Amino acid sequence: MEFDRMLIRYGELSTKGKNRKQFVTKLAQNVKRAMTDLPEVRIHGERDRMYIILNGADYQLAEERLKPIFGIQSFSPAVRVNLDLEEVKAAALALVQDAHEENGTFKVAARRSHREFPLDSNEINQEIGAHVLQNIEDLTVNVKNPDVKLTIDVRKEGVFLSCRTILGAAGLPVGSSGRAMLMLSGGIDSPVAGYLAQKRGVEIEAVHFHSPPYTSEQAKQKAIDLAAKLAKYSGQVQMHIVPFTEIQEVIKQQIPESVIMTVTRRMMLRITDELRRKRNGLAIVNGESLGQVASQTLESMLAINAVTATPIIRPVVSMDKNEIIQIAQKIDTYNLSVQPFEDCCTIFTPPSPKTKPKLDKIEHYESFTDFDALIAKALDNIETISVNVAETVQVKDEFADLF
């Protein structure tokens, strides 16, 4: 069966009252970005549902693109026919014939919002159900648990028919809750944190710290590939790759070994916060899970967070490693994350890092080095790329005026 549209049902958008239009607009933008390589597709957002007019595009590809987009409760491949009973009968029969299996069951569920249509909902159920039964011999009715549920929606603009309902990703449209910077390493935790933030409507821009020659191009590519996995949920993720070699080398030379990790994280957070300010972000997201490593004790978090007053969102803070791994496997980032390429969080790691660093001592150690100049230099040399769900494209000079 050739479907001509996708019918999208909203998730939590149904509870958003006066802000509903804003949420629908944001969802439409995300769907459009996810369909960038399907230029023939047209998107029409309405108060209670959204239609994607395929115009000949591959509906199966469109279906795959819709599944991970947050803000969609469910969707159905559908066909539209005119407000003509015979056309409805023909389309209904074709849909059920295509969907049913031998000795299967079905039901018709009609809804008529267009009152000028000559039959009411019950009459449509009876008329279409009888027509289908007369033309498919091995089919019976089961109104409680049918193998095939034919939905018919009679509206002023036409009659819409579908036989499948596919669960969406639910949540809120990415971007509806504002923008945040995701500190994206090559590990397991930060992509999961990015996924969970997006599910609550946060638009993420990834920040990755790259320290060649200590970290390889493969490590950089792994981070880009992880960002591409996250782009599925919004259509696109902006990624900022920060040159971090010089800062790490200075830290290694000037800072006591036991607090190298703490100072490194503080510099990362300062750079991320400056990017957030320039990009009009509202928060920073990271993959910290309380107590997993030395830098993730409450004392370490306190010392690291002291460089900023910006809200830090930690979606996985209370999860154990197995819980995080389960989500990573679900969103298809786990196999990428465990590839054995070093990132800058693992180089120069001391054998016995302090788990309870003192903020006053950390600030004292830092005071002997002009980290402000090093941070400004790193910001001036950031590489920004746009990671798209369909392809990865390097962005040249797109944010030149910001740095």
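Cβ from N, Cα, C; glycine included.
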According to Swiss-Prot, which candidate in Arg115, Arg155, Arg265, Arg266 joins Met183, Leu184, His208, Phe209, Gly287, Gln296 at the ATP site: Arg265
Per DSSP, three-state class assigned to Phe209 (ATP binding site): strand
Site of maximum Cβ density within 10 Å, from binding-site residues Met183, Leu184: Leu184
Least buried by Cβ count (within 10 Å) of the binding-site residues His208, Arg265: Arg265
Close in space, distant in sequence - Gly287 (ATP binding site), Cβ under 8 Å, 6 or more apart: Met183, Ser185, Gly187, Ile188, Asp189, Ser190, Pro191, Val192, Ala193, Arg314, Val316
All-chain count of other Cβ atoms within 10 Å of Phe209 (ATP binding site): 26
Chain-internal residues near Gln296 (ATP binding site), provided their CB is under 8 angstroms and they sit 6+ positions away: Glu288, Ser289, Leu290
